[in-house]
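First the structure, in the form of structure tokens, and then the observations on it.
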């Protein structure tokens, strides 16, 4: 595994207990320049995770707590008239930062949601005709309450597409929770945490990820999987080509984290569930039968043959 | 790692090869009527010398081509190559044959082209031998081919390869032994001095020579199977070993297959089914039947005169015979009372010992009587009387019966033993005859008209049938029964004629050549000559009144029921026979024999292939390893090896699902086999398969891992 990545993971492990997979996936997304949607109840350590990540790369993080009365300007920023300069000055909102925690995004109005998602997609914010680039790396970790909760505006599917992964954090196990208590009682690990990487170094890693080789046969494998989601009997709307790209980027990033210079079908298989499940719209029947999108993705992966031959020509 | 073969060694090997090739050439020359064998041998010698002198290939090619051209001009053109005539001849041959070849008229090419082709064949053979010798160090295939070749020629042609096979075997054993020695020496990288080499080879030659001499001088048992060759050659040369069925007066040499022939012989009007008796024979020659006297006592049969014993007027059947075939015999069904015929003809019967032997037209012209009628009252025998034939009563028989007890001195003892064995439970002559008659039906004998053996000079016809072949037709069964009865001192004779025939309606029967038949008459003291029918599938017409105890009657009825099933069988056989077209008999018959040969070989090959296929898990790994040793160590070889390994793992039951990645599968394999090699290999393979540039890899180590795993799969 890549050394610097391993250090970050060790940092997270010191603070978080039993969250290795979430940490890994977060790093995959960070390196692939993607964003993460965490779907979970409050209090399972989402903020802690983001903080640890931010501190490990030696930067701060912005937190936006989404409430029903939050306005788009509260997210992206406002132009304020400066009497001294006699000009309007752009005051950037909390979205302009390296690491952003957008908490409970499904509690705010669709208008504010789309402001956030647009910023995520474009990497810029536009206020009064003025466009401001959000500095890279830019990593949003959004959380949402499970949809059944009251007072939520569920995100439209098109916007869910903007997230590279949707991850469920889940409760810790009994032993893990006891360990959480033990640590919380004695010290505050976050304070003693050292940063292991600079922003520049992270940028460099992000560049390296893009050079990870992905063989044509593996690309075809990705396309096979994504296309199969479109023809599944339970799926109303399958994953888009954007999903194929996402799966490829994530696989490259994951391979890089493993210290490999090429993507294996194994990487694709592992990530498919996290990349694809939130991009599928299931048929009503499937919902009645309580078939989860994750399950459908797993079935699709089980159906598609792994490439074991040297590349064929796909032109 | 192959040690070079010294010239001396090669010279020894090639001398042996030359001797073997000589055995090849001799029969070819003999059978194709080709002369100049020494020139062909010279060509072989020339080739060998070229090899021994290690001439460059173009030089030796030129020498050989020149030799061939010289030979052609000399033998076909009658001139030397250097002469003008020779050159002219060559040029004309070339132009003429080129024309024919271009035109596609291959049948018009001249003999010189054929000769050239034969030379090229020899050339190729020499090259092949050279390859086997120097590269493979093994000549096994060549030897096998040679022996098969000579054996085939020996079997199917006039060429006698008895000694050729022996010589080839001996040369071949010495050669093979020397090559094996060579292989051992090469494998262990030993250097032998000239003396040592001779010392090592000497025991080999002594052993082979001793084995050869032993094999030659030891007694050999005759072949166990009937020889198909006389039959095949008979078909090819048209000699009469396959006869046409029908009534024939010459029975001196029995055996051989016969062809069916449905030529009508005569038509009979009769109320009952009858056996149409013609003639009998008394002397068994161990090959067939002859008659012991030349001039039989003949008695004229006056038309319309009682010649038999009239018992009951009401039982008399009036049989009418209409002859179709021009034959001079006259039929005499059992119980003939009178012949009514046109007195323009004359019928005589030959009578010996007071009993009729045959009836013939002995008119001045000896032509057939177109039509005549017979009054017949077939005798009914009382079972009690039949059984009242104790063997002691035969002691008083007169000399006149001696000729019905005749047996050749060469008759093997086992025939006599069998006769005694078969009849040991029977107390009287009738029961003994019955025992022999039924013996054939229950002892694995088969009725067939195809491929019936002909006894060799030192073989007995009956002995061969009873013990060796166990199949045959009426002649085999009836002769065997007569001989066995005679061995028991019961007078018996061999009778010929026709069986019932095809029923046209309830009283009309058509008798064709297919109905020609032979059966047995046994002399039962106090009764006379009684017919018996030993041939499987035929029922006699013996009429017996069962006037003895009930149990025995039941037993007898059972026998007759069994027998009544037989005619259907016979009918089928006859049908089969008539289906065979007689015009194409030579190739069809030849094919009959060959198809068994080819069929057998095909089945054996198929079986071997199936066995090999089923056992591929066992031999494939070592094959793969052997194969991979010869290939360079690179990614291509590695990929091939890895794929073979996957296939092999699959074959032994480690199935990879199509959705399973190679590394997941490798983990599974490593867990199952308690090793780590599969993951090592798979990681390397994945790097090759999914990576963007070929990295260097420790191929030696990978090869070790691979060999370890693929060997595990065969264990």
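Cβ coordinates are placed from backbone N, Cα and C, and glycine is handled just like the others.
What TrEMBL says about a protein is an automatic prediction, not a curated fact.
Per TrEMBL, the stretch carrying the note region 'Disordered' among B:504-528, B:529-553, B:554-578, B:579-603 is B:554-578. For the transmembrane segment (B:165-185), the residues of the chain that approach it from at least six positions outside its boundaries are 3, 5, 9, 12-13, 16-17, 19-20, 23, 133, 137-140, 143, 146-147, 150-151, 154, 192, 200-201, 204-205, 208-209, 211-212, 215-216, judged by C-beta separation under 8 angstroms. Taking residue pairs at least 6 apart in sequence, the transmembrane segment (B:197-216) and the transmembrane segment (B:139-159) share fewer than three C-beta contacts under 8 angstroms. Within the chain carrying the transmembrane segment (B:115-132), a Cβ under 8 angstroms from the stretch's Cβ atoms is held by residues 17, 21, 40, 43-44, 47-48, 51, 64, 68, 71-72, 75-76, 138-139, 141-142, all 6 or more beyond its ends. For the domain 'Transglutaminase-like' (B:466-536), the model's pLDDT averages out at 86.
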